[in-house]
Structure formats: structure tokens, C-alpha cells
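Here is the structure we will look at, set down as C-alpha cells.
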Amino acid sequence: MRRFIADRFFYQRTGRLIVPIAIQSFATSISGIIDSMMAQSFDGVSAIGTALQVDGLMQGASFGIAAGINVYIVQAYGAKKLTEMRQYFMLSLLCVFLNALLWIGISLGFNTRFLSIFISDQSVIETAFEYLRYGCFSFIFTALIMSFVYAYQSVQKTHVPLMVSMITLVVKIGLNYVCMFMLGFGIAGAGMSMTLSQGFAFLLYLGISLYTKQPFLGKVKDIFTMPLHIVTTTIKGIAPLVVNETLFGVGNSMFVIAYGHFGKRVMDCYYIGDRVIQVFYTVVSAISSSATSLIGFELGKKNYDYAQKVVDYFFGLAFVLAFGVALGVIVFAPNIVAIYHLSNPADVNLAIAIIRALSIRVAFRFFNVVIFATLRAGGESKYLAFLDSVIMWTVGIAITFVLIYGFSINNIVFVIVLAQLEQFVRLVLGFKRIKKKKWLHHLVESPKQQTCI
């Protein structure tokens, strides 16, 4: 038990990373809650939730790219190889940009036909496309921002994403009000404000990075002077992670497709519950990002013994946070749902029950993101893909579809709770993999300048 308890230095160092990341993620989640509250005025909670499934798919692939390349960025930073660090960052920007363009094409090319996969209610589909028609252009800025956020985390300057997120939150709320209510665009206005606010946030990141001369920020030409063997090694290294995150994003949408069987009323309650639970996921996200950064930093310096200790310390921290957050969700769920002013008592009770059921997933996720961060930092992307998306599809999604379509279970709360077996299986297999210590890798190679793109 003692090995899971760190010294004061570790907690101070981790706290400086976790707190800004958590607050930054919290601001994003609060923005989502405010979106859904405003959308409720137009009976558009399910519509925006459906449209955001496409955004989630785009972000899944972008996360795989940005987080995967960031492993190389943080190790290059730890090894003090700043030229390679800049090249990796510019490669990250290029790749996430191309991914965003792909999803914009899908959104506009397939329009309502693509959205009909998630729900059968035609009015919801049409309203969702009103949002997506304008909101899909935010994909470019969201993807580029993701690379900047990870880069700032790699140099342990998490206060910058925090500051940008807080400013953007205020701007987005204002734009939402203007576009949705003052200009009368309704749900379409929410899509407009999303694109405008994300564009504003990207310009802030770019301006701050240029002004402060961040070590990761290079020039466009850096991509084309990057040694070919490093590019191919990097792409090969992150490919399983990108595939995994894409499958994970599709998997999350599969849950929504299954739940859509219950109808619009249940989906309204589910989207409210999901928005609320995302607030508590902010701490999970902070643990994941800080663990990847600190573990990767130590691996970059080849401090393998201390890297193993850092992993144990994060597991200890995860235990405390999992208990505290789960308890908070269960106790305060009724108070949180009350802010939506739902008129039907049955809807209120259902939303509360869904939030409490999802708290189980949050608790498990604390431990699982430490496992993921460890494997990701050590370059074990193939096993990470198995642990993440394969387990999701073969356990979580399989259980959900069998219960709903095989056994005709019409209780969404029961389905959500039973599907958490996925998290338990992932936890057991992940612990076993960590103990094998195959993740103790130094990924950054010395450049071979004779072979370039």
C-alpha cells in the first residue's frame, strides 16, 4: 500500500498540472451544459446531441493523432531535442487538419442521411442538420486546438489552455445568446456560435504561442525537412492509436444508436445526463493528461525506475478521486438536474438515475486512464487499441445490443449499469499488462538528416 503514496513534491508537481487541466475541461463541460439548457428553449436537446455525435467522431480520430504524436513531443522535450519537438508538433497540426476536412466533407456530403443512423425521429434529424450545417466548420479549429493543448501540457504550461478556455467560455455564451435568441437563428445559431468561438480560441492559442515563442512552435517548412524515417516511424507508431480512437468514437455512437431505440423522451434525459457527467469527467481528463506528460517526461530522460513509481502514485491518486467523484455524483445528482427545470417528474427521476448509473463508469475510468496513459507514454499503442476499442466492442456494445434488441429490455438505466462490465474487464487486463513492464520504452531517436521528405 505504501508504494501508492507519493511524497509532497509529486503531489505539488502533479497538482500544478491537474488543477489547470481540470478547470479547463470544466469550462468546456459547462459550455456544453449551457448549450443544452439554451437548446431546451427550442426543444433541441436531442437534436444538438445527435449532431455532436459527428463532432465526437472527428474528435476521436483527432485525439488519437494529437495524443499519439504528443508522446513523441513530450519525450523530445524531456531529451531536450527541440528541433525534433517542433517537427513533431507541425506534423500533428497537419494531420489533425486533414482529419477535420474529412469529417466536414462527410457532414455536408451525407447531411441528414448520416444523422439518421443515430436516431429515427425525422424532426430531430432535420433540426440536428440545422446545427451541423454551420457547426461542422468548427471541426478545423477544434482539431488544431487539440494539438496546441497537448503541446502546452508537454511543456507543463497548463495555465495557458486554462486561460484560453475561460475566455472562450464567456465568448461562446455571449455568441450563443446573440445567434440563437437576438438574431433568431435558433438551433442553427448554436452551430454558428460554435464555429465562431472555436475560431476565436484558435487565434488566441496561435497569438500567445507566437508572442511567447513557445519551444514547440515551428514553421511549415519544418514538416518537409523532417527526416523521412522519423515521419514513417511516427505514423506507424500512432496508427494503432488513431484506429483505436476512431473505433472508440464509433463505439460511443453505437451506444447512442442502441439507446435511440427508447425514443426521443428517453434520449432527452440521456443527453442531459451525459452532459452533466462530462463535468465530472474533467477530473478524469486531467489525470489522463498529467499522467501521460509526467510518465513520458521520465521515460524521455530514461528514468525508468522513477517512471514506475510515478505510475503507482497515479493509481493511488485515482483511488481517492474515484471514490470522491462517484460519491459527489450520487449525492448531488438531484440538485444538478434541477437546473434544467424539467416539467415532467418522470423525466427528472430518469435523468437522475442515468447520472448515477454513469457515475460507475466515471469511477472505473479513473483507473483505466492511468493504464492508458502508461501504455501510451511507453508506445504500447497496439495493446492499448485492444484494451480500449476491442474490449468496448466485444463487451460493452455487445451487452448493450443483446439486452435491448435480444432480450427487449426497455430500462436504459439497467442497460447502462450492466454494460459497465466492460470497464471491469479492461481494468483487470490493464493491470496485468502494466506489471509486465513492456511499456518502459525510450521513443525519441537521433535524427538521420540524410533522408528527408
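Positions of Cβ are set from backbone N, Cα and C atoms, glycine also.
Now, the feature entries from TrEMBL:
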type	residues	note
TRANSMEM	56-77	transmembrane segment
TRANSMEM	89-111	transmembrane segment
TRANSMEM	131-152	transmembrane segment
TRANSMEM	164-188	transmembrane segment
TRANSMEM	194-212	transmembrane segment
TRANSMEM	233-259	transmembrane segment
TRANSMEM	279-299	transmembrane segment
TRANSMEM	311-342	transmembrane segment
TRANSMEM	348-371	transmembrane segment
TRANSMEM	383-406	transmembrane segment
TRANSMEM	412-429	transmembrane segment
Quiz item: Under 8 Å, at least three CB pairs between the transmembrane segment (348-371) and the transmembrane segment (131-152) (pairs 6 or more apart)?
Solution: no
Quiz item: At an 8 Å Cβ cut-off, counting only pairs 6 or more apart in sequence, do the transmembrane segment (279-299) and the transmembrane segment (233-259) clear the bar of 3 or more pairs?
Solution: no
Quiz item: Counting only pairs 6 or more apart in sequence, are there at least 3 Cβ pairs under 8 Å between the transmembrane segment (56-77) and the transmembrane segment (311-342)?
Solution: no
Quiz prompt | Stretch contact, the transmembrane segment (383-406) with the transmembrane segment (233-259), Cβ-Cβ under 8 Å, 3+ pairs | solution = yes
Quiz item: Which residues of the same chain, at least 6 past either end of the transmembrane segment (89-111), have a Cβ under 8 Å from a Cβ in it?
Solution: 54, 57-58, 61-62, 65-66, 69-70, 73, 129, 132-133, 136-137, 139-140, 142-144, 146-147, 150-151, 216-220, 222-223, 226, 231, 234
Practice problem: Count, for each of 194-212, 233-259, 412-429, the Cβ pairs lying under 8 Å from the transmembrane segment (131-152), and report the range with the highest count. | Solution: 194-212
